[in-house]
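Chemist: Have a look at this one.
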Number of protein chains: 2
Amino acid sequence: MRILGVDPGLRRTGFGVIDVDGPRMRYVASGTIVVPTDDELGPRLKVILDSLREIIREYAPQTSAIEKVFVNSNPTSTLLLGQARGAAFCALVDCGLGVQEYTALQIKKSVVGTGRAAKEQVQSMVQHLLALDGAPASDAADALACAICHAHAAPLADRLRAAGVLDQPAFGRRGTRMRNGRMIGNP
Amino acid sequence: MRILGVDPGLRRTGFGVIDVDGPRMRYVASGTIVVPTDDELGPRLKVILDSLREIIREYAPQTSAIEKVFVNSNPTSTLLLGQARGAAFCALVDCGLGVQEYTALQIKKSVVGTGRAAKEQVQSMVQHLLALDGAPASDAADALACAICHAHAAPLADRLRAAGVLDQPAFGRRGTRMRNGRMIGNP
């Protein structure tokens, strides 16, 4: 299973792609979409939309995970951040990807073991878990951490299927249907 | 000149299309995109994105105007609204449209004459200005008002060109270039 993780922001949007094969995780790609700050809002959102669609075309992930952005007390900043996140979300759903949302707390707990982890700890654990030569830059590390969190949280069925243990699409009782790796009950 | 006005929201996104020919304005279409509230965020944003793109394909506006949404004191609501606005913005720029932003105050001043106008006054003035048989629904009226505000605010050059008085693309001194109806200086 190939997962795209996204850490959205209006100035910098991080992305990270990993392959998950049973308990194993493999780094595929990561980076930061740097959005020009001197442009108007429309062109800035278009950079996020187009860049993420390009990344999806390039790496063909099967699913995606996006960080729930930090809501701060400044409504104008929150609105701008919301718009950036809306653009990132649009790129994912426009390419037909399922999207799972995780809070920073969930991601840190999943990757470092504690929700109080510092940025450097996240970078360091991402480097360790993906056996990278160096620590990725902060935004890319957050996006990779988001993808790793999804790999840990994704139901067993996903991982079994990715490992080839499970045939598509039947799982469990006859007639059980799957959507985004989740059983959606008997019809 | 055909203008698409948009009043974005996560539950209801209003749209309105008008034709502007010199001082005359003509109603083309309007309506409300009703977003299912029981779905996850991704599919909801996709409804806004896809519906607006469909409307743009159908009515082929040349430019667009979007309302600057109300920022309230609840950060979570502001973030959700920002994401809806981001999705609407993405639809516009993804279709290659220029986007102009107007605050509710600017729109009300432009359409009713006062920034303190009530919703009913906006609906009534939109009905009057576009010579409609009845008042449009609130979200559609706000979107039409946004388009009317843009028609009033658009530079003279746009209106002259729309009226056929001005040939494309030259305007003013030789070599002056236009973008979104604005001169962007001599090369």
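Cβ coordinates are placed from backbone N, Cα and C, and glycine is handled just like the others.
From TrEMBL, here are the annotated features:
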type	residues	note
ACT_SITE	A:D7	active site
BINDING	A:D7, A:D139	Mg(2+) 1 binding site
ACT_SITE	A:E67	active site
BINDING	A:E67	Mg(2+) 2 binding site
ACT_SITE	A:D139	active site
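Buried or exposed, and what's around them? Tell me for each listed feature.
Modeler: Around the Cβ of A:D7 (active site), the number of neighbouring Cβ atoms within 10 Å comes to 28.
Within the same chain, residues at least 6 positions away in sequence whose Cβ sits under 8 Å from that of A:D139 (Mg(2+) 1 binding site) are A:D7, A:G9, A:R12, A:T13, A:G14, A:T32.
A strand conformation is recorded for A:E67 (active site) in the three-state DSSP classification. Of all the Cβ atoms in the protein chains shown, 24 others lie within 10 Å of the Cβ of A:E67 (active site).
Secondary structure from DSSP puts A:D139 (Mg(2+) 1 binding site) in a helix.
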